[in-house]
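Enquirer: Below is a structure I'd like to ask you about.
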Amino acid sequence: MGSAVMDTKKKKDVSSPGGSGGKKNASQKRRSLRVHIPDLSSFAMPLLDGDLEGSGKHSSRKVDSPFGPGSPSKGFFSRGPQPRPSSPMSAPVRPKTSPGSPKTVFPFSYQESPPRSPRRMSFSGIFRSSSKESSPNSNPATSPGGIRFFSRSRKTSGLSSSPSTPTQVTKQHTFPLESYKHEPERLENRIYASSSPPDTGQRFCPSSFQSPTRPPLASPTHYAPSKAAALAAALGPAEAGMLEKLEFEDEAVEDSESGVYMRFMRSHKCYDIVPTSSKLVVFDTTLQVKKAFFALVANGVRAAPLWESKKQSFVGMLTITDFINILHRYYKSPMVQIYELEEHKIETWRELYLQETFKPLVNISPDASLFDAVYSLIKNKIHRLPVIDPISGNALYILTHKRILKFLQLFMSDMPKPAFMKQNLDELGIGTYHNIAFIHPDTPIIKALNIFVERRISALPVVDESGKVVDIYSKFDVINLAAEKTYNNLDITVTQALQHRSQYFEGVVKCNKLEILETIVDRIVRAEVHRLVVVNEADSIVGIISLSDILQALILTPAGAKQKETETE
């Protein structure tokens, strides 16, 4: 009976549409429609909403706001065929990434085409697909050690500079994501810590060089697309002045395989080679010469920049060559004390030695390329090139042939190997093979110093009576005279002077003219020496190959660099 009464009430409500029951029923209908609209949309688009948070978990929130606040996939939904409620955040939110994404500067290259899949996608993965510097460690702005010493070079090398440059847009698609599988193991991170950009090894994937679709670019750093425009903007007239004095025999060398090492050096700055932590000793010109050389020995360094307080600038370098020149000029006999070494100040010695022919200190900016550094070292016939910040005036590091070649050798296995690396020394003609200066084991030290000064060389092979190379006496060995305070007696023999290193000396590092250049480079870098003695089958001296000879062959000779008639300032 209860059921009959219920049916009667239902009929009464239906038969009287103008009554209160009719109004209540209409409101119920309207409410039911509101409830079921989001359910239909969720079933109609299961891939969009169902894969995000679950189809039944937030159905009440989907009624009022179809887009979850802060969802990274709002930009994708706005492109769907379904009519969506307009929202001020539905269209322009694509560049906004999740908090863990390192890139926010390339919205333009991804608004051209919508993603193929409507599923949730990570923005970091999207940006990584067309930018080689997408890893968190490759962004200088997020790297903890990115601006430790010289923030200016880090800013100019980052992607955040001029993202709208047309050159960058055309080069974004040159390097696909697949090139990352050839990424080297970043040995520089272990050796140089954060001193070099984390993306340096990624530029030299073999697939990048061999890609037939690589567009020709005017910049010598065309194989590094993500930093080409930044490097071009960073090189000002002061840094690029040296390269303007170079001529190239053939412009095609820029794209040839033989110029791969030259392009490597052009794409890296001097700051990239500066270690995270190193020792740099600076001398004031009012310091006594004797104390300065003792300080070199105590700190284990071979050279130091000279600071003049009157000019408030660096005016030169004090090296072991200065020590040799002082001994060569003022040594008389073991009975006469070298007064000039004991009492002279550095500024006094410079005035006497240079005799008013003062030349400005040859230095280089941390923003200059390593190609500039190699050219400056070889052209000026110097062995040490101070890196000085032009803004603060601080000395950051001292570049050498040895350091530059070691940096280059770290990446050689990841670059295409030029054909000349498989040629031997005889075919390439690298080294010095005529008028070789040498000494004997019983040669006095003072005579060896005279040869250093007159021939302007840095090492002398020691040859016995049979002509066999048994040792080598270099300029660096002369500083041991200051360490042992035996510089007042230069009549001792070379053998006696070299006894201090007999315990750890492993012998002369040698080679022959039939060995290929690749073997020579590997041997001189591993041995950490400045030269190799070229010998024949009888172990007799044939020639000398130095670090400058190797850098000339690897970098400058393939570039066809010529010095113009004008002098470099």
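Note that Cβ sites are derived from N, Cα and C of the backbone, with glycine treated the same way.
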Enquirer: Besides MET317, LEU318, THR319, ILE320, THR321, ASP322, HIS383, ARG384, which of VAL274, VAL336, VAL362 does Swiss-Prot list for that ADP 1 site?
Expert: VAL362
Enquirer: Given the ranges 370-391, 392-413, 436-457, 458-479, which one is assigned the annotation motif 'AMPK pseudosubstrate' in Swiss-Prot?
Expert: 370-391
Enquirer: Consult Swiss-Prot and report the residue, out of SER71, SER98, SER117, SER211, annotated as phosphoserine.
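Expert: With Swiss-Prot as the source, phosphoserine is noted for SER71.
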Enquirer: Can you find which of ARG302, ARG329, ARG350 Swiss-Prot lists as binding ADP 2 at the same site as LYS402, SER474, LYS475, PHE476, ASP477, ARG501, HIS530, ARG531?
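Expert: Looking through ARG302, ARG329, ARG350, the residue Swiss-Prot assigns to the ADP 2 site is ARG302.
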Enquirer: Looking only at the domain 'CBS 2' (357-415), how are its residues distributed among DSSP helix, strand and coil?
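Expert: Split by secondary structure, the domain 'CBS 2' (357-415) comes out as 23 helix, 13 strand, 23 coil.
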Enquirer: Could you break down the residues of the domain 'CBS 1' (275-335) into DSSP helix, strand and coil, giving a count for each?
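Expert: Taking the domain 'CBS 1' (275-335) as a whole: 22 helix, 16 strand, 23 coil.
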